[in-house]
Amino acid sequence: MIEMEEFNGEMESYSWIGGFHNLTRRKQADLSEKGGAQLLPSSNSDPKPNKLSRDLSIPQLLAIGVGSTVGAGVYVLVGTVAREQSGPALTLCFLISGVAAGLSAFCYAELASRCPSAGSAYHYSYICIGEGVAWLIGWALILEYTIGGAAVARGISPNLALFFGGQDNLPSFLARVQVPWLSIAVDPCAAILVLAVTALLCLGIKESSLVQVIVTAANVIVMLFVIIVGGYLGFKTGWQGYSVKGGYFPNGINGVLSGSATVFFSYIGFDAIACTAEEVKNPKRDLPWGIGLTLSLCCAIYMMVSVVIVGLVPYPAMDPDTPISTAFVENGMRWAMYVVSTGAILSLCASLLGAILPQPRIMMAMARDGLLPSYFEAVSQTTQVPVRSTVWTGVFAAALAFFMDVSQLAGMVSVGTLLAFTMVAVSILVLGYAPPDEASGPVFLQVPTEIKEYDRRRKTTYNIF
């Protein structure tokens, strides 16, 4: 009897270790080309999980990455950062932040090629760190993509208003409507666009990636227009923006560094490529190429656009809201304003698709691991996409975009992104020094076998009664 009491006391002393063990248990990395991973211990995993259609290659990945990254931010950040922080040295800000983003991109590229899964940073954290951190990262990414998609959608109607002569002239089903008794402005245009993108994603990854290729190509053409025509105007006018007082570094190195921190978030978006890992034909080859080419192309576009715009207009005179359009108007090309506004709308649409695309795949990955209801795990046999997760994502994002001004929540998106980037970097270190197939957790947290067996018997006895 005394021995039994001592055993019970020992079992209770280990109970907290068992709970912590569940939070630190990790997946076993599957380094095959098909991707995926098995949970340690593999208790209830499905041997034949629902599979997504492998239709993506490097061009589609590049379109998804560039479309998600080159959002409307570049149309605004150029003026804000140059005017308030960096001055003419804006190009260096984009270069420095591009190098910093490249470090994260390299981590994503290595993990995406070694452990390809739709879960992206959630999946990598589960493999390398543990279930508790993975659960936190998964919900941070869900929050990031939902709020980010809603914020992008609410930015489209103001740009559309330019073509109708102002917000008051927009069609009633597109114009924002102020609700006095709720103190909010509902945006039906944003909700309609979110639902339209959701319907497109439900059709299949091949169809949605084709639309993304077209929209992103049109957006890049607008960027090339800004670079080429703006460069011509710069040579014609003598690059007056570089002859202002204060020189190239009006605010010193501190202004350049603070500007680099601000424009860093204009590189966020390449992580969407990692979420499509299970839909890539050759993930080990194409994922690193897609991530690397995306970041390189975006960095080149940002730097060339900043060189041109800062040279056309002296930085103190830049319009912080519409710097690119204003630069062309002040140089006698008012018609170019409509081209730039078209590019802003296209970039917002591409960013919206890039924000809604990853979240259902993260929800599907979490449902596979039992961290979300299995309802979200289902993949349509017709379109081979997670339709249930996609519909729920679209409905929730559309509701946010319709009812809420999510600009105040935008900071939470940045927090989620930084948290994901940090955990991906930590995962690289863990994967190099403690491969997941060696142990499912720290040795001192392993629950003894006899305690596990006794706990199993006790639960079985309770179930009988």
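Backbone N, Cα and C define each Cβ position, glycine as well.
Pulled from TrEMBL, these are the features on record:
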- 61-82: transmembrane segment (TRANSMEM)
- 88-109: transmembrane segment (TRANSMEM)
- 121-142: transmembrane segment (TRANSMEM)
- 181-203: transmembrane segment (TRANSMEM)
- 210-235: transmembrane segment (TRANSMEM)
- 255-277: transmembrane segment (TRANSMEM)
- 289-315: transmembrane segment (TRANSMEM)
- 335-357: transmembrane segment (TRANSMEM)
- 409-434: transmembrane segment (TRANSMEM)
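For the transmembrane segment (289-315), the residues of the chain that approach it from at least six positions outside its boundaries are 58, 61-62, 64-66, 69-70, 74, 78-79, 82-83, 87-88, 90-91, 93-95, 98, 101-102, 105, 108-109, 112, 220, 223, 226-227, 230-231, 233-234, 237, 239-242, 244, 250, 263, 266-267, 269-270, 273-274, 280, 323-324, 326-328, 330-331, judged by C-beta separation under 8 angstroms. Against the transmembrane segment (335-357), stretch 61-82 shows more Cβ pairs under 8 Å than any other of 61-82, 210-235, 255-277. The stretch in 61-82, 121-142, 181-203, 255-277 that contributes the largest number of Cβ pairs under 8 Å to the transmembrane segment (409-434) is 121-142. Within the same chain, the transmembrane segment (61-82) packs against the transmembrane segment (255-277): three or more Cβ pairs sit under 8 Å, each pair at least 6 residues apart. Nonlocal intrachain contacts for the transmembrane segment (255-277), taken as residues 6+ away from its ends with a CB within less than 8 angstroms of a stretch CB, comprise 35, 56, 61, 64-71, 73-74, 77, 80-82, 85-87, 89-90, 92-94, 96-98, 100-101, 105, 108, 111-112, 116-121, 205, 249, 283, 287, 290-291, 294-295, 298-299, 302, 351, 354-355, 357-358, 361-362, 414, 417, 420.
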